[in-house]
Amino acid sequence: MRGGRAPRLLAPVLVLLAAVVAVTSSVGVPFIPAVAELYDAPLALAQWSLTLPFLVGTVATPVLGRLGDGPYRRVVVLGALTLVVLGGVLTALPLPLPAFLAGRALQGFGLSLMPLLMAVAREALPPGRSGPTIAVLSVTVVSGVGLGYPLAGLVAELGGLRAAFWAAAAVCGAALVAAAVVLPAPAAAPRRPFDWPGAVLLGTGLAALLLALSEGGDWGWSSPLFLGTVATCLVALTGWVVSATRSPAPLVDVRLARGRRAAGGHLAILLVSVANYLLIGCVTVLAQAPQPRGLATSVLVAGLLLVPYSLATMAAGQVARRLAERLGGRGVVSGSALVVAVAGACFAVLDTELWHLFLAMAVLGVGVGGAFATVPGLVIAAVPASESSSAMALNQVLRYAGFALGSALTAVVLDLTSPAAGDVGASTGPVIGLATCAVGLTAAGLTWLLTGRAPTSRDTVRSG
């Protein structure tokens with residue numbers, strides 16, 4: 001695969017494709033109130049515009065990773081990009097809310113691109129360029145999201161919500177054209193068996209879980225529909241675990257979560273991810289909600305609120321890696337989760353001024369950045385070297401699942417505490433803040449108890 005059609009352009013095109021991941025994230029969080037206003041929908045329903053991409057990304061990441069692990073990697077990447085572009089067009093056109101949400105779901109395929117892009121870089125670029133390119137890809141996603149929030153907000157402020165989605169579709173369309181021209185075909189490789197039962201059971205279980213959480217208030221928490229959906233979730237996820245443990249080639253190898261240290265790392269990433277989107281979703285809604293409870297800011301200001309979060313995430317990630325080399329990942333991950341809890345506590349008592357929200361986002365970024373940077377090393381240290389890629393695939397699935405679950409829980413709180421569509425209640429901020437604090441404390445405690453002591457050299461973050 002080395003050389004390709006346009007080897008000099010391959011690295012820049014891979015970076016452009018990584019920007020698709022950032023774009024997919026950037027057009028979700030700040031726009032929830034605007035979506036609710038545009039479609040005259042409750043905030044809890046508009047929250048699905050953030051939850052659905054993460055749900056799709058959770059399932060699509062291992063599915064496309066497996067499909068693209070053989071001779072069809074180029075086809076899989078182009079197919080995923082085509083779905084993202086189609087989703088962008090659906091969100092930008094003046095169509096009903098169900099079509100808009102379908103478009104957001106299709107954009108979730110963009111979240112599954114990173115493992116495929118890294119695989120292309122490893123195989124197609126010379127050894128001296130592949131490592132730096134992979135590092136740039138990771139930085140592009142984080143920094144791209146940080147820049148994307150205010151840029152998306154600016155476009156929406158100047159041209160309206162649909163203009164922002166047209167801009168996102170244009171970026172993704174340019175990436176699709178560039179990939180079609182430059183992306184090389186993979187080297188000959190055997191096809192790996194695909195775990196279709198695992199994919200169906202995982203998708204069904206997660207969808208049922210999020211649907212039950214989001215709609216339980218309307219259905220009634222003791223209604224047959226709610227209880228039936230919960231039962232479907234439990235049966236599907238249990239079936240997925242059983243199928244994964246028995247399959248010779250599982251979609252996601254849950255067996256790699258066995259053992260206290262591995263389980264601690266996976267639980268940490270799941271819980272920190274839940275807390276992350278619990279707080280982010282509420283902050284952007286509260287910032288744009290009408291006074292007196294909300295701050296009545298613009299979508300641009302809501303996007304700017306997430307800049308300190310992104311900057312703090314990047315800075316904390318660098319510091320956390322160095323601390324993990326000296327102190328071990330156990331302490332750094334537990335400490336990072338405690339910082340997430342502090343961010344929630346701050347928001348629970350300070351949510352009436354704009355600077356309160358900036359403070360909460362900056363503190364949250366420190367905690368999330370530290371955890372995301374050091375959990376991979378904690379997980380890799382707990383499994384055989386030959387299983388490190390599979391262990392990180394499971395960790396990535398749990399990260400996206402946590403994002404989706406946090407977004408769905410935000411919708412539940414908004415539904416229970418908001419007096420009217422587009423507004424927030426007096427208890428919304430404190431409830432979200434306390435919930436974030438509780439999840440962060442749980443993550444810190446479980447990580448500390450489960451991971452135990454280990455030599456710091458094994459806790460070093462090796463995944464970058």
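Here the Cβ of each residue, glycine as well, is placed from N, Cα and C on the backbone.
A TrEMBL annotation is a machine prediction, not a hand-curated record.
According to TrEMBL, the feature transmembrane segment maps to residues 44-64, out of the candidate ranges 23-43, 44-64. The stretch with the most CB contacts under 8 Å to the transmembrane segment (164-184), chosen from 76-95, 196-213, 266-289, 397-417, 429-450, is 76-95. Using a cut-off of 8 Å between Cβ atoms, the transmembrane segment (101-121) and the transmembrane segment (327-350) share fewer than three residue pairs, counting only pairs 6 or more apart in sequence.
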